[in-house]
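K.L.:
After the structure tokens below, expect a handful of questions from me.
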Amino acid sequence: AELVQPAAEFVQWLVPGLYPSVANLLFTKFLQNQKILAPSVYMALAANAFNIVCNYVLIYQSGLGFIGAPMATSVTRIVYFAVVVYYCVRKAPTLERPTWPQWKLANVSWSDCRKFCELGFPGAAMIALEAWAFEVTFFMVSYIGPVQLDAHSALMNTQGFVYMSFPLALSIAASIRVGHLLGAGEAEEARLACRGTICNSLAFMSCLAMLQLIFRERIGWIYSDDVEVVALVSTLVPLCCTFLLVDGLQSALAGVF
């Protein structure tokens, strides 16, 4: 019960950045499909640096404390949205020729939109179900006890960071690369890219799994100074390492299929 009110306020301050966050994905995908990858990387790195500074200022310097974190997240998403829109507008003269001649409703191919939706909605459902499944585990663990919830949160944050750091990026790159190769009729090259994606993802996750096993007794201290939480995290790390390997494989497969 003591977590309900802070959680509600946290979510409330995340809402302003929700729509800019979705728009950021659309603009980033648009650039990626034009084979313009470097600017998105630089903007993302700058956004992360800005987010760190913004969190520090709003949480500690302004005295807002806990509620400063979602505020910083929303501000970062809005600023990132403004930057990516500015870049696309400046880049528009060179992007118009390989994409749409003009941004007019008459240029929309409704049959292609239908095909896109036929692929897009199942893909969105797949991602949403995966995210919801992880969120459900938090609700389930919360009924066991605070120590278990803290340990679960620590491990999920760690695994989420690992997943975002390489497998997800590799999956996105593989999706673009394989899509271009298949579109060009180069099936053998696409098959080679698929194999490379799977091998790279498994190799990376194997290395991280070994690192987590080596430092399993220290991971918990990053998130909590509670000895019980730290001990439970250490106990669960071997199981999470197995999950890392499977998660890396599914991420690679999701990108190429």
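For all residues, glycine too, the Cβ spot is worked out from N, Cα and C.
Annotations per TrEMBL:
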{"type": "TRANSMEM", "residues": "36-58", "note": "transmembrane segment"}
{"type": "TRANSMEM", "residues": "64-89", "note": "transmembrane segment"}
{"type": "TRANSMEM", "residues": "119-141", "note": "transmembrane segment"}
{"type": "TRANSMEM", "residues": "161-180", "note": "transmembrane segment"}
{"type": "TRANSMEM", "residues": "192-215", "note": "transmembrane segment"}
{"type": "TRANSMEM", "residues": "227-246", "note": "transmembrane segment"}
K.L.:
Determine which residues of the chain contact the transmembrane segment (64-89) at the Cβ level, with the cut-off under 8 Å and only residues 6 or more beyond its ends counted.
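P.N.:
6, 9-18, 20-21, 23-24, 27-28, 30-31, 39-40, 43-44, 46-47, 50-51, 54-55, 57-58, 95.
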K.L.:
Can you tell me which parts of the same chain pack against the transmembrane segment (227-246), counting only residues 6+ beyond its ends and a CB-CB cutoff under 8 A?
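P.N.:
Apart from its flanks, the transmembrane segment (227-246) reaches 147-148, 150-151, 154-155, 158-159, 162, 202, 205-206, 208-210, 212-213, 216-217, 219-221.
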K.L.:
Residues of the same chain, at least six outside the transmembrane segment (192-215), with any C-beta under 8 angstroms of its C-beta?
P.N.:
158, 162, 166-167, 170-171, 173-174, 177-178, 181, 237-238, 240-242, 244-245, 247-249, 251-253, 255-256
K.L.:
I need to check the long-range neighbours of the transmembrane segment (119-141): which residues 6 or more away from its ends have a CB within less than 8 Å of a CB in the stretch?
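P.N.:
Tertiary neighbours of the transmembrane segment (119-141) are 148-149, 152-153, 156, 254.
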